[in-house]
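Here is what TrEMBL records for this protein:
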{"type": "DOMAIN", "residues": "8-91", "note": "domain 'Integrase DNA-binding'"}
{"type": "DOMAIN", "residues": "104-197", "note": "domain 'Phage integrase central'"}
Amino acid sequence: MSRIVKPLTDTEIKNSKPREREYNLSDGYGLQCRVKPTGTKVWLFNYKRPKTGKRTNMSLGRYPSVSLKDARSKREEYLSLLASQIDPREYVDREKNIEAARLESVARDWFEVKKHSITEDYATDIWRSLEMHVLPKLGNMSVVALTPMDVINALSPLSERGSLETVKRVCQRLNEIMVFAANTGLIEINPISGVRHAFKTPKPTNMPTLQPEQLGQLLVDVMNANIRRVTRLLIEWQLHTMVRPSEASGAVGKKLT
């Protein structure tokens, strides 16, 4: 007759003291709380592996971070798996791999690296575009299974509205994410490297320019405009030097010759 194990209580676990050697407090059906000489208490699930028949321990986390109730819930989940001849350790590892390969998870890991090399505003724009146009439809897909057709189906409504520049940028960002997935070993090759060619190319929009004969009127307008003197001088200096606006506004006096 098997020994009947009295279920543990929170009080019993809290009051357990460390000894010279580690020891176990058993809750029954494979659930144990191991008390280490340091005073640390760790939940273990002891079970027989279906394939080998050998017994092994599986850590469920530390007490009290993982409560007695939570540890029992895990035990019931793993006993259910074992009843179907599924190894809990293999199941957990498989679930971790699935989560790590979700497009949203990979996108977040990529973004954590990407944002350090760009401005905060640009980083915000990148993530917003993914939240709006990619993650709702593709976020739960595995990067292992992602195909060009998945991307085409997700972005076609955007393309049909004529937002071709947005489609182009989103494709570029998706491509970077998949290259990241390949470089981190989640996939062997990037299957969507050329997917942007499935959409129309946005027509380039040239910046408006002034004709030479319009410069005189520009100077008159600047002179009569209700603007600060420093702004007027900046515009005139830029016309003299033909530098970019960012270079003109960021110029330091002592560096000018």
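Cβ atoms here come from the backbone N, Cα and C positions, even for glycine.
Applying DSSP to the domain 'Integrase DNA-binding' (8-91) sorts its residues as follows: 26 helix, 28 strand, 30 coil. In the predicted model, residues of the domain 'Phage integrase central' (104-197) average a pLDDT of 95. Helix, strand and coil counts under DSSP for the domain 'Phage integrase central' (104-197) come to 68 helix, 1 strand, 25 coil.
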